[in-house]
Amino acid sequence: MIGWILLTARPLSGNGQKPSSISDSHRNAALELFRPTAGVFGSLEETHEALRTFDILGIQEKPDISAATCKSVSEALGSSAALKDLFYALRVNDVLKCEIKEEVYESITSRLRTVLNDARSLLDFYYSIGSLLHLKEQSSGVDLSLKDADVIFQSIKALSQSDGRWRYSSNNPESSTYAAGLALEALAGVVSLASSDIDQNMIGTVKNDILKLFDSIEKYDDGALYFEEKVIDAYEHHGPLATTSSVVRGLTAFTAATSGSLNLPGDTIFGLAKFFLGIGIPGDAKDLFNQIDSLARLETNRVSIPLILSLPATVLSLTKEDQLKVRVNTVLGSVAPPLTVKIVRAFLSGSKETSVIEGQELKYYPQTGLHILDAFPKTFDVGNYVFVFEIALHDSEHLDIYATGGQIQVPIYISGVVKIENAEIAVLDSDLGSIETQKKLDLVGESAISLAANHLQKLRLSFQLTTPQGHGFMPHQAFLKLRHESGVEHTFVVKGSGKKFEIILDFLGLVEKFFYLSGRYDIQLTVGDAIMENSFLRAIGHIDLDLPEAPEKAPRPPPQPVDPYTRYGPKAEITHIFRAPEKRPAKELSLIFLGLTFLPFLVFLVGLLRMGVNLKNFPTSTVPATFAFLFHLGIAAVILLYTFFWLKLDLFTTLKALGILGVFLVFVGHRTLSHLASTSAKLKSA
């Protein structure tokens, strides 16, 4: 089990919810979700998101899209494409470095300046300023500075609202949290492109707007913070992930472009990081990009960089002498600065006042990057513990860069082998309570006891559970099950006090619950817990119960579920009795009849010989001889067809084939007979 704890300054009453960190599963998901078709993605926006995600996650074996994508980039930059397509084409070109001529950049710059001067909507400002920023990185021969940066800054600021949100345009009265993130990015771009410093009073006003925006932040029970778009008629509705991601991009861009500090509480950055980490692995490409991109920006933000305390395992075995291991990294798993991890205290869940560990520093191993508690104290026992960790940075300069939070609670489960002792089962007399029959049980090995009782007696089962340190152990599950031979089951909870667990079944009070069913009952005992390594479910034998006859109005046992194998499994073989065969003639008589059927054929052959049949009139010329040969071949084919009809073919198939052969025979036969008639006529005339 892997648990990840965000180092926040939450109070110790927090529930210790553990977000998951970025892992190889995110890389696999990125390759699965961002999959090009025919060498290209669906749009330049999707291409940018894929390339950005691959770059952050360090994916090397990514699909090769350079050739086809650069063609799309060149087309977008060399034409009057939409401002959004131009913006994303430049973003993609930042990564792919396509070959773009310098005059294309000059043309784009001229167009963007015109759009910027005439801009009235927030999106026009956002795309044009963002495009100019990317041009600044890609072209060194074009002047991209903004001479009227103060005017543009004020034009964007005019769309802001008193609650820190922004409008998409002056004609739209609705304000949007998502738009606030776009506006902050645009303002950061203006500051970066300005030819002279922006008025610090205006920058201070925007910082106040940011603080007002964060006053409306939402909070989950586990401390995760997020923004939610509350506007219904906005330009485009966005969910909490997209909205929060937009604000994070705007916040990090603005703080990176301006000087001075932003008085945001450290818990706020932690809460945002916890929100993105708590999502897990999104199943949508857009959501995955928003998650990864936001975490990357939080890792390099100027407000505070959150650190993650992770435990490779939160279930440790005393039997195997497992070590407590802690790792501290940044949001994306980068190496943390030099620090010390300390266990402030550890206590059993539910016993907060009694600490079993106090003030214990973990030993750091540079080879593995782990902080390890080599061994637990000898008095340590199995149980559900809460460990309180604290982190101290070695370098005082890092206090203004990294945020480690205060004390953080981590639930850790210590497992071990629980001793099972003094197990016995007995049949008691109902009146006197004296033992009628008593047998020892081996709950570690195999038991096969056999008991008998009637409705005037009781069944008692008892055993003891002891931890490795000799304390009583209370498992999460302790059940006794009796199963009648008809399939009816009855389950009872085995209650315990201290080390001893005992259950007494009074059959006189249970006859109605048992539906007055006498006969054999199999006995099964279940004892289990997450920290009990030797949990078991074991059949311990059977008991033959003699219960009274059921009254007329007594409840009947419920119908038992039908075994699917019985219903859908193979059925019993059916033996068929056929009618006795009719009497047949003797074998010799059948052979004599077969010989008689060949007599007409023999008579035919003798007749041919007697008539002096010969092949003297068979055509000698090539063409007539060919038709004569095909004619005889066709006759043979008809005879063969009749043979197949007798053996296997049906009537309709035979008639179809015979029709085709008949047409063929008419044609070749007519040609053959015409030749013979012509030859005969020539001989007569001669």
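A Cβ is built for glycine as well, from the same backbone N, Cα and C atoms used for every other residue.
Automatic, uncurated: that is what TrEMBL annotation is.
Copied over from TrEMBL, here are the features:
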DOMAIN    22-298  domain 'Ribophorin II N-terminal'
DOMAIN    307-414  domain 'Ribophorin II second'
DOMAIN    421-545  domain 'Ribophorin II third'
DOMAIN    578-678  domain 'Ribophorin II C-terminal'
TRANSMEM  589-613  transmembrane segment
TRANSMEM  625-645  transmembrane segment
TRANSMEM  651-668  transmembrane segment
Study note, to complete from the structure: Residues outside the transmembrane segment (651-668) whose C-beta sits under 8 Å from one of its C-beta atoms, at least 6 past its ends, are 627, 630-631, 634-635, 637-638, 641-642, 644-645
Practice item. Residue list, the transmembrane segment (625-645) vs rest of chain: Cβ under 8 Å, 6 or more residues beyond ends. Key: 618-619, 651, 654, 657-658, 661, 664-665, 668-669, 671-672, 675
Revision key, fill the gap. The domain 'Ribophorin II C-terminal' (578-678) resolves under DSSP into 78 helix, 0 strand, 23 coil
